[in-house]
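Novice: Here's the feature list from TrEMBL:
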SIGNAL    1-16  signal peptide
DOMAIN    6-224  domain 'Ion transport'
TRANSMEM  26-44  transmembrane segment
TRANSMEM  65-84  transmembrane segment
TRANSMEM  126-145  transmembrane segment
TRANSMEM  165-182  transmembrane segment
TRANSMEM  194-219  transmembrane segment
Amino acid sequence: MRTATYFFIFLNLSLALFEEPAVYPLPFLATSVLEVLCLLVFLGRLTHFAKVTLHNVFWKDTKNICIMVAILLSLTDLAIYGVLRLYGVRSIRWSRIVRPIFLINFAESRQIRRAFRSIRNTLPEITYVFLLFMFSLLMFSLMALKLFGERNLQTAEGLPYFRNYLEIVFDLYVLVTTANSPDVMMPAFDFSSWYALFFIAFVIINTYIFMSLFLAVVYNNYKKHLKVMPGGVCD
């Protein structure tokens, strides 16, 4: 039963690779039949679990309620999408976001549920570090706007350079990953080589200090919650 449950969960999640829009699209009838089959298996598994569980216990378990709601939403969305498709109305499958619920809430997924619960408990404790990082990012973006915004600099494509605050925030956020380095600083560097110091300081503070600190806080808090949970094992 566990192997069959995981197989159909994997199949249900994999449908997103073949549903429109997709790199390898399959006919709508094929994907809809496979999805209905998966949902019927989930419903049968849930019915079987209800037969061997006390009535009060079954209905008090929020995991069972989540699975039933996810099945109902998926079937409703599939029916609406199919009807709209028949009439040539373009729509989207909004119920795809509920598919991971099946992976988390079945009784066989205790370890996944434990990891998910640890992540959920860790999030409030890393909020302060994240807010501190965002404050640093916003302040550097404001400094970049003041330094470069009034100098009428242009990128290699001829676009305005660092004149829109939100675009600056996004560019510097990408710079934290070093994905756009050194391209993002070249217009300023061509204007004056001293402006490279701004980007060097930004990378040192946000990439090497804040990202390392953020990773350490995430790891330590996740490890702590995983260790104190019932049945958790942490070496």
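Any Cβ shown, glycine's included, is placed from N, Cα and C.
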Novice: Looking only at residues six or more beyond either end of the transmembrane segment (194-219), which have a C-beta under 8 A from one in the stretch?
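Specialist: Hits for the transmembrane segment (194-219): 122, 125-126, 129-130, 132-133, 136-137, 140, 143-144, 147-148, 172, 175-178, 181-182, 184-185, 188.
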Novice: How does the model score the domain 'Ion transport' (6-224) in terms of mean pLDDT?
Specialist: 88
